[in-house]
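**Student:** Here it is, the structure in full.
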Amino acid sequence: MSLSRSEEMHRLTENVYKTIMEQFNPSLRNFIAMGKNYEKALAGVTYAAKGYFDALVKMGELASESQGSKELGDVLFQMAEVHRQIQNQLEEMLKSFHNELLTQLEQKVELDSRYLSAALKKYQTEQRSKGDALDKCQAELKKLRKKSQGSKNPQKYSDKELQYIDAISNKQGELENYVSDGYKTALTEERRRFCFLVEKQCAVAKNSAAYHSKGKELLAQKLPLWQQACADPSKIPERAVQLMQQVASNGATLPSALSASKSNLVISDPIPGAKPLPVPPELAPFVGRMSAQESTPIMNGVTGPDGEDYSPWADRKAAQPKSLSPPQSQSKLSDSYSNTLPVRKSVTPKNSYATTENKTLPRSSSMAAGLERNGRMRVKAIFSHAAGDNSTLLSFKEGDLITLLVPEARDGWHYGESEKTKMRGWFPFSYTRVLDSDGSDRLHMSLQQGKSSSTGNLLDKDDLAIPPPDYGAASRAFPAQTASGFKQRPYSVAVPAFSQGLDDYGARSMSRNPFAHVQLKPTVTNDRCDLSAQGPEGREHGDGSARTLAGR
């Protein structure tokens with residue numbers, strides 16, 4: 001190898017070291033920085049995925065508590081579990097990406113900068129030393145030849161000249177070998193770094209392949225079953241069909257008081273002696289469809305093509321899933337319609353009116369007062385009513401107008417449609433007043449005199465004037481109510497305050513108003529308006545007049 005070839009290789013060796021230090025290492029640092037950003041983004045994806053599948057699990061819990069969608073809840077649980085396993089595999093890939101690639105590359109690049117600087121310096125020093133030794137031998141040989149040319153005896157320097165030539169040849173060989181080895185070492189160092197990067201990237205790719213393979217295996221195994229589970233939305237589970245058939249064969253039951261599960265999705269106990277109510281006119285055209293179709297959603301006891309009006313996704317809060325109704329005849333449909341009534345509590349003995357906070361007073365089965373046979377009667381809410389979690393009840397505010405949809409109240413409950421919210425359901429009839437044909441409201445009264453209204457309506461007589469609360473102690477025991485100021489909350493629902501006054505009256509208050517025979521005369525004094533403006537005598541006189549009237 002000529003000297004010029006050795007110098008060329010020396011320059012190539014230096015360029016390899018400089019390329020590693022000035023280009024490879026900075027690029028590797030940038031690669032590590034981008035890898036950290038990628039890791040951070042994937043960590044954010046895993047965090048979001050955990051929240052996503054936690055929400056999916058909750059949806060599965062809701063579905064599993066439904067009689068009609070229990071198997072879909074199991075499917076949602078399986079989906080969440082499968083994706084949890086896939087997510088665990090992704091986390092393993094992230095750990096490998098961080099530990100086997102980013103961390104080790106970051107450590108290598110910091111150590112490598114110092115190592116390469118030292119290696120290049122060592123190579124340059126050794127190469128310079130060998131080059132200087134060669135140059136020195138060549139200079140000595142040149143001097144020796146000049147001296148032999150001027151000497152009278154040239155043979156005297158021939159042996160020494162041969163020694164210098166051999167030394168120069170050895171020095172030059174050593175230099176060339178060192179430069180060649182240095183170039184090889186530089187290329188090896190460069191290749192070692194790229195191989196390390198590829199090796200670590202292969203480890204990450206291996207984990208990535210395991211992640212995708214695991215996901216493909218799990219999804220390919222479960223996906224057909226999941227698709228089969230949701231292929232027919234109208235298909236009712238066999239257990240729900242059997243339950244509906246059992247309900248239809250055992251008589252009327254009420255889907256009220258749904259409290260057996262978190263979402264209250266159970267069918268309530270049957271009402272003792274409940275009788276089916278007539279089917280509302282708007283249900284008549286759809287009775288045939290109930291028999292023809294496999295299943296039809298029932299909401300608030302109403303079914304038909306206007307089901308969108310009662311969709312829980314349309315204009316109210318989402319209701320819990322309900323099981324669908326099996327095919328029924330017209331009589332069974334009427335039974336199921338009447339069974340949307342709220343569950344009636346057990347009735348106390350007739351000779352006892354004592355109640356507690358968790359009991360309701362017996363509800364009557366009186367007719368709706370003033371209900372027209374040829375038209376729809378309207379009532380006005382005088383109290384607010386909240387349905388709560390029971391989808392069969394109707395919520396309304398004080399002053400709302402309600403159109404009655406059935407001709408007869410059932411145990412103090414009536415079925416109607418709110419003109420404000422367009423929702424339908426059962427509501428306590430004593431919370432409302434019947435509107436006359438001219439739009440004015442009046443208190444409703446029983447059309448069947450042999451039956452009693454709910455205890456909150458015992459005073460609802462148009463020809464009865466109730467004295468103010470201060471007309472004697474006997475009248476204070478019974479709540480004062482008038483036709484124009486009926487603001488006392490009716491007692492068709494559990495209100496324990498009324499039970500204290502009922503013990504004083506016994507069974508006779510059950511059939512008639514105990515104050516119906518009292519005829520009051522108007523007082524001649526007006527001292528109740530402002531007692532503070534009168535003297536002690538005036539107040540005493542006023543109190544005496546009140547006592548006189550009360551005594552009568």
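Glycine too: its Cβ is placed from the backbone N, Cα and C atoms.
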**Student:** Can you check which of 87-106, 127-146, 447-466 Swiss-Prot lists as region 'Disordered'?
**Tutor:** 447-466
**Student:** For which of Ser64, Ser336, Ser352, Ser532 does Swiss-Prot record the feature phosphoserine?
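**Tutor:** According to Swiss-Prot, the phosphoserine annotation belongs to Ser336.
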**Student:** Have a look at Ser66, Ser323, Ser329 and find the one that Swiss-Prot tags as phosphoserine.
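**Tutor:** The phosphoserine feature in Swiss-Prot corresponds to Ser323.
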**Student:** Going by what Swiss-Prot says, which of Ser249, Ser366, Ser492, Ser499 is noted as phosphoserine?
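**Tutor:** Out of Ser249, Ser366, Ser492, Ser499, Swiss-Prot attaches the phosphoserine annotation to Ser366.
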**Student:** Consult Swiss-Prot and report the residue, out of Ser113, Ser117, Ser256, Ser261, annotated as phosphoserine.
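**Tutor:** Out of Ser113, Ser117, Ser256, Ser261, Swiss-Prot attaches the phosphoserine annotation to Ser261.
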**Student:** Using a Cβ-Cβ cut-off of under 8 Å, list the residues of the same chain that are 6+ residues beyond the ends of the coiled coil (132-153) and lie near it.
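**Tutor:** Same-chain contacts beyond the ends: 160-161, 164-165, 167-168, 171-172, 174-175.
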**Student:** When neighbour density is defined as the number of other C-beta atoms within 10 angstroms of a residue's C-beta, which of the modified residues Ser384, Ser395 has the lowest density?
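**Tutor:** Comparing Cβ neighbours within 10 Å for the modified residues Ser384, Ser395, Ser384 has the fewest.
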**Student:** What is the average pLDDT across the domain 'SH3' (374-437)?
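**Tutor:** For the domain 'SH3' (374-437), the model's average pLDDT rounds to 88.
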